[in-house]
């Protein structure tokens, strides 16, 4: 094998030596391509696996933790929620519409492959500076393309996109982040797993035909970008949501039968990863007859068939004798279905082309025992330079308030979420635009499931460990503010180039923060994804661990809103304000800096707040609640009253006026009627949570907070109309 071919497959000299040892000979091109894909960062997690191993993954309500297509938790009365968040960053930067659309398609397949009907989607989007003279126009093009791709796929599938977050920073100028989350619901006893066992059981290919799109996608997503990256468009997959809708319905029909052993979607590395993962998990072997693959293009080779990432395809291990019944279901839905192999006990993948053996590879070294790297780490030099920076107010508080509310990181994103169908399936209780976590009704048991997606990249830049812990806490707090109990998380860890020791240090610290927070807050990790090599021309993104928290409220009718719907409601701040300005939005806007330090998270205070919110809502004491986040109580209150029909007369009583922009954790704003005040304050005392009265909601169309005064019309204009102007 010549060195150029090996290098083109991103195989190092050390890895090639391992290949020779595993095979006992030189690989052919097909085998090299397969091994390259399975050992890519995207498929093998070779740089990250050692740090993920310590994640808390168990709890009495966890049915399935990491290692399957998605995580599963018990949501009561025999029902389960199946969910996962995943990235499609690199493809979305290269081809925003197709990249984002297939990102949605992939995460939907991960969930319905487990036997669940998908009932909700969320997304976390990070773009570069839309005001930048050089790249601002391109960033706006990326925003529009990505949003169009997500809405096209989700809307066509009939899956409501009910929430998300969108942030902008120059660190994403060369690498945008597109993280998609899906949640499905099924009976706890009806979950299907990705396994291939039982010697002689048939392996069946179902779904769309295979083309040349997405070739080398997994390897491409395991590398950084440079000027030549524009030529990678052919590696971006092309999605067809209508085919996926047929595939989902066919699979859900199949799941009502007893015909199959296991099922796996064909995602990154296509037929390669699905076959190796199924056999690897089961300790089996497999024969695949590649010439039987349904092909969309003529003249396709075994190499192309194994590595194509054409969308809307699944691999099924059926019970022997049920092949025709399985195929009949998929044919009914106008999909391809063909027996293309069988399970063996050899522990090897045997690849045939017109009955000739063209590839023979041991499965375990490519799946369960793929190489794990121990990359060097070192603390980034910038941390010592930024940690002592102190934020001081330099402009008028009213000016700063207005600047912040109309900033693209805070203002309303109706331009984005209005393109998503959030009400299809008629289960949505709280969707995007209503602040905080999104909520859906589970008709089968009367409960509701709340979900929130969270990632503050600036905080993770300032302190990767505490920043990651804060993401776990913040997502959970948003769920708690709906009245639900946070139960578990899914994570998507977006970082820079792992070959840079400073990036690996950030990643290791981020994992430590997630481990610590999940353990202390009793929200185990049940699924997730790692996206590395988010770097362009040597510049890495800020560390960006995206966390989705999922929780359950037993009675959907008790779901809390985040808006004040009545006048004369008492407005309270819960929790302590500690003067946290490190990595804050107010510092970024006023000083154009991301600096400072972060205080350790007080987990007892965080849990006490969650427990108080749950109990107070169960006792029907609260009218509304919202987590305090970016921009402190100033922005939290401004947004709550912008989406409300009433005005506000509020006083913070802080000694230092800038404290209204403090971003301390473990805080919430609540609204309650005056007759419930005493009972609530007694309960807060019982839980050890400080409650500070800020004022009341009023019938006057006016917003007042300390010295800040705006008419309701001015407040609404700043919040609701700014982004539409900025993105044009």
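Any Cβ shown, glycine's included, is placed from N, Cα and C.
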Checklist entry - Considering the ATP binding residues 45, 491, 528 given in Swiss-Prot, which of 7, 10, 84, 566 is annotated for that site as well? => result 84
Checklist outcome for this item: Joining 87, 88, 89, 90, 109, 237, 309, 310, 311 at the substrate site recorded in Swiss-Prot, out of 474, 490, 527, 531, is 531
Checklist outcome for this item: When the binding-site residues 87, 89, 311, 529 are compared by other Cβ atoms within 10 Å, fewest goes to 529
Item to check | Distance check against residue 84 (ATP binding site) for the recorded positions 42, 265, 309, 311, keeping those with Cα within 10 Å | outcome: none
Checklist entry - How big is the Cα-to-Cα gap, in Å, between residue 42 (active site) and residue 529 (Mg(2+) 1 binding site)? => result 9
Checklist entry - Across all chains shown, how many C-beta atoms besides its own are within 10 angstroms of the C-beta of residue 528 (ATP binding site)? => result 24
Next on the checklist: Using the Cβ center of 45, 84, 491, 528 as the ATP site position, which other residues in that chain lie within 8 Å, going by their Cβ?
Outcome noted: 52, 66, 85, 86, 490, 492, 493, 525, 527, 529, 530
Checklist entry - When the number of other CB atoms within 10 A of each residue's CB is tallied over all shown chains, which of the binding-site residues 265, 309 has the maximum? => result 309
Checklist entry - Nearest to residue 529 (Mg(2+) 1 binding site) in three-dimensional space, by Cα, is which of the binding-site residues 45, 89, 110, 311, 491? => result 491
Checklist outcome for this item: According to DSSP, residue 528 (ATP binding site) sits in strand
